[in-house]
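Going by Swiss-Prot, these are the annotated features:
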- 3-88: domain 'ACB' (DOMAIN)
- Y30, G31, L32, Y33, K34, K56, Y75: acyl-CoA binding site (BINDING)
Amino acid sequence: MGLKEEFEEHAEKVKTLPAAPSNDDMLILYGLYKQATVGPVNTSRPGMFNMREKYKWDAWKAVEGKSKEEAMGDYITKVKQLFEAAGSS
C-alpha cells in the first residue's frame, strides 16, 4: 500500500475513534490533512470574529513547511497514536 492510500485509509479510520479527540488533536489533524491534500496555506487568515476558522487556519499555517508526503506521514502517525490512547487499534 502506498503512502497516499494509507493516508486516505487513516483519514476514514479517524472517524471511527471510540471517543472524540481533544480540540488540540483535532486542530493538529486538520492542519496536517490540509497540508497533505492542498499544500501550503492559500487563503488569508480569517478575521477575529471567526475564531473557529482562525484556529483551523493557524493549525494549517503551523505545518506549512512540511511536504505533502511529510504531512501524510505525520497524519498517519497521529491517528495511530489516538487509537492507541483510546485502547483500540
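Just so you know, glycine gets a Cβ as well, placed from its N, Cα and C.
The binding-site residues listed here are K34, K56; among them, K34 has the most other Cβ atoms within 10 Å of its own Cβ. Under the DSSP three-state reduction, L32 (acyl-CoA binding site) is assigned to helix. Residue counts for the domain 'ACB' (3-88) under DSSP, helix first, then strand, then coil, are 60 helix, 0 strand, 26 coil. Around L32 (acyl-CoA binding site), the C-beta neighbours below 8 angstroms that are at least 6 residues distant in the chain are V63, K66, A71, M72, D74, Y75, K78. Within the same chain, residues at least six positions away from G31 (acyl-CoA binding site) with a Cβ under 8 Å of its Cβ are K56, A59, W60, K61, A62, V63.
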